[in-house]
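Visitor: After the structure tokens below, expect a handful of questions from me.
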Amino acid sequence: MNDTFPVIDGHTKLTGLLGSPVSHSISPLIHNEAFRLLDLNYVYLCFDVPEANLADTVKGLRCMNIAGFNCTMPDKTKICELIDDLSDAARMIGAVNTVVNENGRLVGHNTDGIGYMQAVKEAGHDIIGKEMTLLGAGGAATAIAVQAALDGVSTLHIFNRKGRSWERALKLADTINANTSCKATVSDLADEASLRQALEASTILTNATSLGMAPHADTCPIPDASMLRPELIVSDIIYNPKQTRLLQMASANGCATFNGLYMLLFQGAEAFRLWTGKEMPIEPIREHYFKG
Ligand code: NAP
């Protein structure tokens, strides 16, 4: 057995990532390393697939009996129409980031929210039955909101600016209120009084906007540090930079904080589990790719 690469032979099962662009992705490093560590005969490759080519690509992969694949932008929504079934969470989110080939049936899942909820646990927190303030209503925020609601977070205070994702935020809250026991509300991110009130009642604050992400690392979704009381857990799903302005502000106020690296790791670990039926060997993967 080669120590560095998995052996590829006539039995190797194919997995991979569809999206555009994909060449920057660390998913091939993570999954191929995990396959090698568990001696699983799988390989993970990246395929640059713009949305216009997605239908043909999926048809081809289906014929080739691919074991499963990840989907990233811009393919996460369109893929829902091209596969055979969706998990409950993926149906509520309206987007898929992981597809599993179950004996010829392609089933779509969304592991982003599962990855976030696992990251909360990994950081040592229990937010089940508690209130959450969630900033953003884009793709990642939607996945987190749905999974948090399904897992038993009691109340979701969703904040977004009155812009592109506003209608999506309202629809998201309706979906959560209709399908789970979680109570979801939507407010304008510019409404500081409502934001302060929500944070007072919340156990955790989750930034799922892109405010603070490189190259705009000087931006921050919270206008006033005094909104962050020391008991509030403050998390950012951004991982570049590792310490956003929000997390710096929260740490200075004595809040427990964590960034988006573990969400990234655990959404991948869940996809790995869905494809192989095995737990990803988290520790060596974390050591190699997620330190700091
Ligand atoms: P997205 O669908 O484009 O959503 C972006 C969100 O940020 C929307 O709610 C958007 O509001 C809001 N936003 C953007 N600019 C803003 C501004 N100037 N002021 C206020 N709100 C603003 O993107 P996404 O895929 O959800 O990703 C969001 C962030 O999460 C990115 O930084 C991404 O890197 C990170 N992420 C991390 C992980 C992980 O595994 N850790 C996974 C996925 C994403 P409008 O749409 O209304 O403008």
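Note: Cβ is positioned from N, Cα and C throughout, glycine not excepted.
So TrEMBL lists these for the protein:
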type: ACT_SITE; residues: K76; note: active site, proton acceptor
type: BINDING; residues: S25, I26, S27, T72, N97, D112, Y239, Q267; note: shikimate binding site
type: BINDING; residues: D88, G136, A137, G138, G139, A140, I237, G260; note: NADP(+) binding site
type: DOMAIN; residues: 17-99; note: domain 'Shikimate dehydrogenase substrate binding N-terminal'
type: DOMAIN; residues: 260-287; note: domain 'SDH C-terminal'
Visitor: What residues elsewhere in the chain lie close to the domain 'SDH C-terminal' (260-287), defined as a C-beta under 8 angstroms and at least 6 residues from its ends?
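Guide: For the domain 'SDH C-terminal' (260-287), the sequence-distant neighbours (Cβ-Cβ under 8 Å, at least 6 residues beyond its ends) are 15, 27, 30-31, 33-35, 37-38, 40, 42, 67-68, 70, 97-98, 100, 109, 111-112, 114-116, 118-119, 122-123, 236-239, 242.
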Visitor: Which residues in the same chain, at least 6 apart in sequence, have a Cβ under 8 Å from the Cβ of A137 (NADP(+) binding site)?
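Guide: Expected: A145, I158, N160, S165, W166, R168, A169, L172, V186.
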Visitor: Please state whether DSSP places A140 (NADP(+) binding site) in a helix, a strand or coil.
Guide: helix
Visitor: G260 (NADP(+) binding site) to Q267 (shikimate binding site): how many Å between their Cα atoms?
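Guide: Given the Cα positions, G260 (NADP(+) binding site) is 11 Å from Q267 (shikimate binding site).
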Visitor: On a simple 10 Å Cβ count over all chains shown, which one of the binding-site residues G136, G139, G260 is most densely packed?
Guide: G136
Visitor: Across the record's NADP(+)-binding residues D88, G136, A137, G138, G139, A140, I237, G260, the largest CA-CA distance in angstrom?
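Guide: So the maximum pairwise Cα distance among the NADP(+) binders is 24 Å.
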Visitor: Given the binding-site residues S27, T72, N97, Q267, which one is most crowded in terms of C-beta atoms within 10 angstroms?
Guide: N97
